[in-house]
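Undergrad: Pasting a structure below so you can have a look.
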Amino acid sequence: MAGKSVLKRIDWLSVLFYLLLVTIGWVNIYSSTFTENGASIFDFGTLHGKQLFFILVSIASVVILLALEASFYERFSSVFYMVSMVSLLGLFVFGKTISGATSWYDLGFFNLQPAEFAKVATALALAKYLSDIQTDIKRTKDQLYAFVIILIPALLIIPQPDPGSALVFFSLSFVIFREGLPVYYLGIALFAILIFVTTLMFGTIWIAIILALIILVFLLLKKKKFKVPVLPLATALIVTVLFSLSVDFVFDNVFEQRHRDRFSLWLRLEKDPAKLEQIQKTIGYNSYQSEKAIESGGIFGKGFLEGTRTKGNFVPEQHSDYIFTTVGEEWGFIGTVTVVLLFTLLLLRLIFLAERQKNAFSRMYGYGVISILLVHYFINIGMVIGILPTVGIPLPLFSYGGSGMLFFTMLLFIFIKLDANRLNEGI
Amino acid sequence: MKKILLSSIIIIIGITFIGRLSYLQIFSFSPDQVLEDPAIKRVYDYPERGYIYDRNDKLLVGNDPAYDVMVIPREVRALDTLEFCGLLGIKKKKFIKELRKARMYSPRLPSVFVPQLSKQDYARLQEKMRHYQGFYIQQRSLRYYATNSAANVLGYISEVNERDLAKNPYYVQGELTGRTGVEKQYEDILRGRKGVQYIQKDRYNRDIGKYKNGILDTLPEQGLELNVTLDKVLQEYGERLMNGKRGGIVALEPATGEILSMISGPTYDPALLVGRERSKNYSKLHYDSIARPTWDRSLLAEPSPGSPFKTLNALVALQEGVITPSTSVRCYNGFYVGKKKRGCHCGGGMRNLNSGIYESCNAYFANAFRKIYEKYETTDEGMDVWEKHMKSFGLGQYLGYDLPTGRKGRIPSKEYYDKWYGDNRWSSSYIISNSIGQGEVAATPIQLANMTAAIANRGFYFTPHILKKIDGKNISIPDYVEPKQTTIEKRHFEPVIQGMADVYNEGTAKWLRIPDVTIAGKTGTVENYTKIDSVRVQLTDHSVFVAFAPVENPKIAIAVYIENGYYGSRYAGHIASLMIEKYLKGEITRTDLEKRMLERTLDREYAKPYSGKEFKINEYDWSQDAIAPKEEDPSI
């Protein structure tokens with residue numbers, strides 16, 4: 001009886017978006033790893049065969065996820081969290097290193113990436129903590145605790161090194177904002193990013209001059225009765241200038257050359273053509289090739305299995321982080337816009353679902369899911385189409401990768417189960 | 001409020017992405033990106049360039065395989081460098097340098113290591129090549145010349161440059177194209193069309209199969225063989241006669257307009273512009289600004305035609321009815337223009353049309369010329385009529401032959417003189433020099449030959465052309481197979497031709513008769529000047545001769561122009577006579593004439609203006625002319 005009612009109550013629209021993304025994703029993985037040797041699509045020796053296997057396993061896992069009691073997830077969230085943190089710690093001892101990052105456990109038939117599981121666990125744990133009756137997010141102490149939950153996995157993942165995945169955990173702070181953290185925190189963070197970028201582009205002196213000008217204009221235009229908050233304003237100015245100075249320092253002394261190069265490329269900082277060419281040949285190669293591949297697709301694309309740059313493997317890591325380039329080359333503008341729209345619709349749908357939850361845990365978990373999916377989608381496509389610096393992060397439900405496939409499915413379907421169960425709340 | 005914040009962020013991100021994607025895929029996209037696609041390599045299959053034969057199917061230009069040693073640096077394994085260098089005939093230093101150069105270009109792609117091995121080297125290397133991994137021999141095709149003559153006519157091929165690439169999208173870097181002569185004119189026919197295979201590549205530049213299963217691939221189309229109208233034997237003979245002389249010879253077949261031989265002196269062996277030494281040789285030839293061997297005098301030199309032009313003035317005067325064959329004029333060893341006397345070398349006395357021609361009497365033709373103008377009320381009208389007649393012989397305009405260079409020559413018009421003297425400020429006496437082919441008229445050797453052919457045909461000519469057959473089939477290009485009529489009626493030609501025949505029978509060329517062959521011709525002696533240190537200095541006259549034979553049924557019409565060869569019957573007359581005999585009889589009976597032409601050069605004459613000293617011109621005694629070093633093989 002329970003099974004039937006779950007199937008009736010789950011949000012089939014989200015499931016539809018999920019299935020569409022997974023299918024389109026796999027088709028493109030198939031194309032980007034296709035060789036004309038006539039291997040069957042079920043040949044698990046090929047990458048697309050493996051991915052098909054993971055998709056099937058993920059869909060099978062959906063059955064279990066939906067069959068479990070909704071309360072199970074809330075009750076065991078702390079356990080999941082502990083297990084995932086231990087598994088992250090275990091990487092330091094038992095981890096397998098693939099292309100420079102110690103992020104995997106070797107399970108023989110399959111490499112498991114615990115960071116993917118940690119995303120699910122952290123989202124659950126954060127929702128659990130914030131929805132606790134004793135937590136008051138207005139309290140600084142509780143804010144701090146909430147951030148600690150996010151920080152622990154991030155700090156464990158950074159030394160792998162996998163800064164991209166670590167970044168994902170910070171996105172969970174959206175949840176905290178949703179639940180009452182003052183918005184000006186976000187404002188300050190955005191302001192800091194703005195200063196960071198503009199300092200790199202124009203230098204501290206211009207930042208100081210422009211800020212001073214803004215304040216001057218503000219003072220001249222103010223109403224006479226308005227009392228000028230001299231001290232806070234001066235402090236803010238000084239802090240900003242100091243921050244700006246520190247940006248230069250950090251950029252020059254803390255960042256490694258490859259990081260600097262990524263920013264140089266992104267913000268077009270390098271003016272020396274010889275050096276620029278050097279950067280484009282090395283670090284910019286991926287970006288250049290991915291942009292070119294997408295561009296060459298035009299409006300209608302070259303057609304399935306007809307992408308010449310895809311076939312020639314001109315874009316490195318095309319089946320994983322750069323899978324979107326295959327969409328761009330073979331399906332053109334129509335294909336890329338379809339994918340962007342699917343992600344947008346899925347995310348908006350999930351917001352709608354999260355907002356209709358009566359249970360605080362479900363709602364907060366929902367926001368966790370949205371944050372994680374959003375930041376992956378934003379950074380990945382932003383990087384591939386050349387509006388963000390290069391960060392190694394997969395496109396969820398789309399890129400090649402077993403752990404990613406499995407845990408993104410888990411992430412999403414736990415929420416769909418929670419949503420399906422919302423009318424049973426009342427315990 | 002916070003609910004909307006996240007939704008707005010998602011929507012803004014979506015719009016940003018779509019904006020960026022439309023910039024990339026709609027605005028930056030261009031359909032010909034396929035051509036720049038690094039993932040698709042085009043591999044060309046080059047057809048063999050067509051052979052060129054002479055009119056009698058004797059091979060002139062063929063192809064020769066050449067062998068380049070290629071290297072793929074990445075695949076080079078340890079080898080016995082000394083032995084390898086020994087086989088290639090290079091030094092170890094060069095070996096290291098070339099290998100480094102190839103690696104700089106690309107470690108994965110083949111580079112030329114040693115270009116154009118000789119056949120012997122190739123034979124030696126071929127056996128042992130498999131011991132040297134990463135090296136292999138690539139065959140390609142080079143032009144091979146079965147003759148050492150006709151360099152300027154046949155032309156040469158060389159690599160396409162930026163301009164060719166911009167002009168014709170067919171070519172890609174490194175391909176060859178005809179530069180001059182027949183090679184340029186009939187490039188499309190000789191070249192054929194290369195076949196293309198589209199190969200899909202990966203980012204390491206490795207082939208990974210055919211692009212779109214090869215549906216875009218094409219097969220090469222063979223270049224076609226050509227027969228040119230040249231007679232190889234005559235061409236080679238003419239070039240030997242031209243030894244040490246500057247000038248041009250053009251021989252035509254009057255009945256077809258086919259160019260039997262076209263010689264420019266000095267010439268060079270066409271094989272010089274093939275192979276390893278090509279660019280060195282080219283510079284040497286191209287920058288010889290004194291002898292100018294690459295400047296085809298038979299098409300580009302524009303001297304005054306001299307006395308042969310008198311025959312045309314006679315024809316115009318007959319056509320206009322201002323003289324008859326019996327019209328007589330007294331020559332006072334010259335004639336008067338106003339009060340000024342102009343000289344004549346004919347010996348003086350009464351001259352009619354016949355003796356006027358064969359003794360080349362200036363006075364007679366000055367009179368005839370004046371009469372043409374006197375027939376009309378104004379000089380302008382007379383000028384127009386005269387110009388129209390002259391141009392109907394192909395003078396003063398591009399002839400329309402199928403070779404890529406040429407000059408118009410000059411038949412002056414009334415506008416020409418108006419510009420010089422002012423409107424109505426000149427009369428026939430100003431332009432009287434044109435009556436004897438001096439003055440303002442100018443013609444290229446091929447125009448002179450064509451004019452002679454028109455006389456030989458008694459009133460029409462075929463546009464001279466070099467192409468005889470394409471792929472064994474005779475051409476049917478209307479421009480070349482349809483006759484062009486002159487404005488002179490047929491009946492007026494006989495008396496003039498009789499005069500020209502009498503040039504040999506009794507006149508200026510009576511020493512140049514060919515036994516058993518009737519021949520008509522006309523000598524020309526052309527005054528000419530140069531500037532030495534901006535002072536106008538007269539040089540020895542150019543020697544000009546036009547002739548055709550046999551008179552009744554002409555098989556050959558020829559024009560010979562020898563720079564500073566003095567009077568017409570000297571160098572030009574000798575050469576014309578020998579060429580005609582060679583062509584008609586296949587052998588030379590007058591070996592003394594032949595010996596003189598093969599031996600004597602004008603090197604001494606040509607050195608005069610550069611000597612920096614005063615020099616004599618028009619020296620009668622030609623035993624002083626330099627003697628060429630003996631030829632290796634005088635038998636032909």
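In case you wondered, yes, glycine gets a Cβ from its N, Cα and C as well.
According to TrEMBL, the feature transmembrane segment maps to A:12-31, A:51-72, A:79-98, A:143-159, A:191-221, A:228-251, A:331-352, A:364-391, A:397-416.
I'd like to know what surrounds each of these features in this structure.
TA: Counting same-chain residues at least six beyond the ends of the transmembrane segment (A:12-31), those with a Cβ under 8 angstroms from any Cβ of the stretch are 41, 47-48, 51-52, 55, 58, 304-305, 307, 310, 319, 323, 326-327, 330, 338-339, 342-343, 345-346, 349-350, 353, 395, 397-400, 405, 409, 412, 416.
Long-range contacts of the transmembrane segment (A:51-72) within the same chain: residues 2-3, 6-7, 10, 22, 26, 29, 41-42, 44, 400-402, 405-406, 409-410, 413-414, 416-418, 420-421, 424, 427, each at least 6 residues beyond the stretch ends and with a Cβ under 8 Å from a Cβ of the stretch.
Counting same-chain residues at least six beyond the ends of the transmembrane segment (A:79-98), those with a Cβ under 8 angstroms from any Cβ of the stretch are 104-106, 111, 114-115, 117-118, 120-122, 124-125, 149, 152-153, 156-157, 160.
Cβ atoms under 8 Å from those of the transmembrane segment (A:143-159) belong to residues 81, 84-85, 88-89, 91, 103, 115, 118-119, 121-122, 125-126, 129-130, 135, 137, 165-167, 169-170, 172-173, 176, 181 of the same chain, restricted to positions at least 6 beyond its ends.
Within its own chain, the transmembrane segment (A:228-251) is flanked in space by residues 192, 195-196, 199-200, 203-204, 207-208, 211-212, 215, 219, 222, 260, 263, which lie at least six positions past its ends and keep a Cβ under 8 Å from the stretch.
Beyond its flanks by at least six residues, the transmembrane segment (A:331-352) meets 11, 13-14, 17-18, 20-21, 24, 294, 297-302, 304, 324, 366, 369-370, 373-374, 377, 381, 398, 415 of its own chain at Cβ-Cβ distances under 8 Å.
When Cβ-Cβ distances below 8 Å are used as the criterion, the transmembrane segment (A:397-416) is approached by residues 10-11, 14-15, 18, 21-22, 24-25, 28-29, 33, 47, 50-51, 54-55, 57-59, 61-62, 65-66, 73, 110-114, 116-117, 119-120, 123-124, 319-321, 323-324, 339, 350, 353-354, 362, 365-366, 369, 372-373, 380 of the same chain, each at least six residues removed from its ends.
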